[in-house]
Each structure stands twice: as C-alpha cells, then as structure tokens.
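S.K.: This structure is in structure tokens; I'll ask about it shortly.
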C-alpha cells in the first residue's frame, strides 16, 4: 500500500482526493496539504477551500503550513508519506521539499504536456481552437510543468464546450489517470519519461482584460474566446443599449455562431452591432453574426439572451 500525501486546493482537485482516499486497497492518504482558509464574499469571512472541506469530511489530517517555512520538511517526514499527489495546489515547492519524499511529487496537469505548460491550459486550448486535449501525470521538478511524464490520456473538446465544462470532465477523468499512474509506479510497472524538447505554447493566466470580447474578428474566434473565458474570469463587453443609455457591462455566458439556415438570422452585421428578434439575439463579427444565448447584464441575474433583450430597450445597440 502506497502512503500518499495529497496536495490541492480548488474543486477540480476534489475528485482525485476522493478517489485516492476511497481506494484503501492501494493507497493510504496520510495527510492533505492545502492552502489556508481565505476571506470570501462581502463579509470577508474565512472559508475553507473545497479540498479542505472534502478532507475533513473524509476524516483526513489537514496541513496548511507554508512549504517555504523551515519546519515544513520535518512536518512532511512526520506524515510517513512515500509520494505526493498534486492537483492545483497553487504553491511553488522548493528543491528540499521535492527531495523530502522517497518517491517524489506527482502532478496532474490538464493538458498534453509539453504543450500548454502554465496556469490556464484548458482555457488556452479552447481559445486556440484545438480539437483534442487531455491530462498528464508527471514528476514535479523546479522548472514549471517540465518534469518527466508518467502517463497521459486524451479527450475530445466539444464544439460548444466551455472551459469550466471541459475542466470538470478532465478533473474526473484525470483522477483515474493519477490513481492508476501512482499504483503502477508503486508496483514498478512504469517509470517517468523525459518530456520531448522543442518549442511549445505556454498557458498564461487569463485576465479580466483578456476576457473583453473582440467582435472585430471572425465569428469562430469570438466564440472560442467566450468559451475559453467561461466561467472565469467571465467574457464581457461594454454595452451601449441606446443613445441615452450609459455604457454598462454585459457578461456573455453562452453564445454560438449563428445558424444561417434560420431565415430570421441577419446575413451580416457590423462588428459589435446587436439585432434582436423574438427568440434570438445576434451580434456582428467580421464574418457571420454570433448568436447570444445567455447573458448577465450589470446588476441583473443571468438569463436567456432573448428575455434580456425584451427588457433592455435596445435601439441601435452595440457592444465594444
């Protein structure tokens, strides 16, 4: 039985933690390393992250110490862990920490490494228009996402899939890949293989400004941007509803290239200009229009775009 330290923080790490904790035939999760409680919401109350909540529900010891502290290595040794399983922990680990466990630290990364090393691999793969992505389990080294690979699995990216939806699928699929890889490693059935050399895309974090929708691009590019930025940080534009209206932020939660077989769909629109029908709302791009399906207006709840348009008093409206 492999004694494992689990390290993770957000909800995408929970499936892996639960799978390892429940597979008591092959694993003993000796402790869970996670980020400390953080202030959340308007009241700024301290709230435990999803991994800590899951660990407590599973009755597992929780470590919230900073890995940069001098006492951290001895704290690790006290757990008796042989290896660490890491999923979106969110902290850089020093070499002495990486050397502290006999079998090393193994990370589940949501891309087919070496492509898309970095913070936002799922979002960047959608934005780039890739058809296939996947998950990689690799041994952590000091260089970012550059360690030798244990295993990989692939998934197809759905034509209308958002980053949040794809990440949810990868988190579930990847949990099985991580468990199988660690089990095979413990049984000496696999060994890490160095990543191929070459130039690959880096998955830089997507900022709020990155999520500002561009309509002066082909419809497929606007669609990819929206899906890549959903749900976080959230795709948005500056709405000018009519001549007397103040500009307001409009979040686009779901959209798709217009169905040009719909007789009501405009053949073309100026980039950013909005046309609303009884059941549809379209906005122009540099090619075909983009159909807005679900939006969230400033100060309002999320709703179907057609319902929003009926109450928005749109007149020569446009987004920029």
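Even glycines carry a Cβ here, placed using N, Cα and C.
As annotated in Swiss-Prot:
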- 111, 112, 113, 114: (6S)-5,6,7,8-tetrahydrofolate binding site (BINDING)
S.K.: Specify all same-chain residues, apart from the site residues 111, 112, 113, 114, whose Cβ lies within 8 angstroms of the center of the Cβ atoms of the (6S)-5,6,7,8-tetrahydrofolate site, ordered by sequence.
M.R.: 109, 115, 116, 117, 121, 134, 136, 145, 152, 195, 200
S.K.: Measure the Cβ-based neighbour count of residue 112 ((6S)-5,6,7,8-tetrahydrofolate binding site), defined as the other Cβ atoms within 10 Å of its Cβ.
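M.R.: Cβ-Cβ neighbours of residue 112 ((6S)-5,6,7,8-tetrahydrofolate binding site) within 10 Å number 21.
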